[in-house]
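S.K.: I'd like to ask some things about the structure below.
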Amino acid sequence: MRKIVHVDMDAFYASVEQRDDPSLRGKPVVVAWRGARSVVCAASYEARIFGIRSAMPAVRAERLCPDAIFVPPDFTRYKAVSRQVREIFHRHTDLVEPLSLDEAYLDVTHAKTGMQLATEVAQLIRTQIREETQLTASAGIAPNKFLAKIASDWRKPDGQFVIAPSRVDAFLLPLKVNRIPGVGKVMDGKLAALGIVTVADLRQRPLEELQAHFGSFGQSLYRRARGIDERPVEPDQEVQSVSSEDTFSEDLALDALAPHILRLAEKTWLATRRTERIGRTVVLKLKTSNFRILTRSYTPEQPPTSQEALAQIALALTRRVELPAQTRYRLVGVGLGGFSDVENGAVQGQLFGQMPPLE
C-alpha cells in the first residue's frame, strides 16, 4: 500500500509578503496587480474572512474589503522560497511531484529517513518548513494522490489529516461531490439535477450513466467515488502546458465567447508566470453542446510576451472554427504549451515583467 503526502503551503504568496514585511501581519493582504482585469493571486487568511479568494477579479476583492492591502506579486521571491521547501522534501524522498510553487505530492512509502509512519514524515516536513522558512504548511496523508489532496484541506491552516486505507469509505461517502477535484459550480449543479449531492449518491450510479451524461469525465467520477486513483507520483515533472477552462451554465454561441476567452487568457498567463517557463504554442479548446471536443492551436515565431498577446491569438483562433453558426458551446479553454525554461534575466524581464491590462 502506497503512502502519499500532499503538502500545500498556507496562503503562500500572501504569507511570504507578511513574513518579509511585519507591518502586513494580521492585516487583510491581497497579492494582485491593481486593474480592471487583474485577478487575485493569493489572499491572506485575514482577507479570506471577507470572502476574498484566489482567481477572483481584483475589483471584486476591493469591493469585498475596501481596507485590504494590495501587494504586487514578486515571483522571484516566491520561487526562492519554493526551492527551500523543495529541498526539504528531497531530504525525505526522491519521489516529489511539484504541482506549483506552493504544493507537491510526495511518495514516502520508502522514506529516506527510515521512518515507517507517513504521519510522522509529514509532521517532520512541516516542522522543518516552519523552522527554516518561518512559514506554515498543511498536509494530507492517504493511499493515493486524489485522497491526499482532499485531506490536505481538512486541517488548514498549519495542520495535517490522514485518511487510513481502512477509513476511506467512512471519510469519502458523506462528502459533498463538490469536494472532488474538477467538480466546480457548474458540474455540481448538473450532478444535483440528477439527484447526486454526496459521494454516496455518486457511487450508486453505474458507469454507463455517468459517461452518458459527462463523457470521459464520467469515468473519472466513477473511480473517484470509489477512492480509486492509481496515478504514480512523478518526480520533478516539468510543466509542459498550462490551461484554464470555463464550463457554462447555459450553452453559448461562438461570438459570445470573447469575454470568457479574455478572462481565461489572464488566468493562464498568471499560471504561466508561476512556472517561470516560456509557453510558445497557444491552444484554444471548445466543447460543443453535444460534447464534441475540438482544439485549435498556433505557434508564433516569438512566444507571447503578455496576457494581451495570448488573448489576441486565442481570439483569432475562434476564426478557425468551421462549424455551423448555430452550434452552441458548453466549455471554452485557453492554454499555453511547448514550454521551455527562461534562460536569462533579460528574457525573464521581457516575458514576466509588468503585466499589461487587457483593454
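Just so it is clear, glycine is given a Cβ too, placed from its N, Cα and C backbone atoms.
Since this is a predicted model, take the numbers as computed values, not measurements.
I grabbed these lines from Swiss-Prot:
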{"type": "ACT_SITE", "residues": "Glu103", "note": "active site"}
{"type": "BINDING", "residues": "Asp8, Asp102", "note": "Mg(2+) binding site"}
{"type": "DOMAIN", "residues": "4-184", "note": "domain 'UmuC'"}
{"type": "SITE", "residues": "Tyr13", "note": "site 'Substrate discrimination'"}
S.K.: Is it possible to get the count of other C-beta atoms within 10 angstroms of the C-beta of Asp8 (Mg(2+) binding site)?
M.R.: 20
S.K.: Is it possible to get the count of other C-beta atoms within 10 angstroms of the C-beta of Glu103 (active site)?
M.R.: 19
S.K.: Do you know offhand how many angstrom separate Tyr13 (site 'Substrate discrimination') and the residue listed as 'active site' by C-alpha?
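M.R.: For Tyr13 (site 'Substrate discrimination') versus the residue listed as 'active site', the Cα atoms are 12 Å apart.
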S.K.: Give the mean pLDDT for the domain 'UmuC' (4-184) on the 0 to 100 scale.
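M.R.: Mean per-residue confidence for the domain 'UmuC' (4-184): 95 out of 100.
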S.K.: Check the DSSP secondary structure of Asp8 (Mg(2+) binding site), expressed as helix, strand or coil.
M.R.: strand
S.K.: Using Cα coordinates, what distance in whole Å links Asp8 (Mg(2+) binding site) and Glu103 (active site)?
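M.R.: Rounded to the nearest whole number, the Cα-Cα distance is 4 Å.
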S.K.: Might you list, by sequence position, any residue in that chain lying six or more from Asp102 (Mg(2+) binding site) with a Cβ less than 8 Å away from its Cβ?
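M.R.: Those within reach of Asp102 (Mg(2+) binding site), by Cβ under 8 Å and sequence separation of 6 or more, are Asp8, Met9, Phe12, Tyr13, Tyr78, Ser82.
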S.K.: Which three-state DSSP class does Tyr13 (site 'Substrate discrimination') fall into?
M.R.: helix
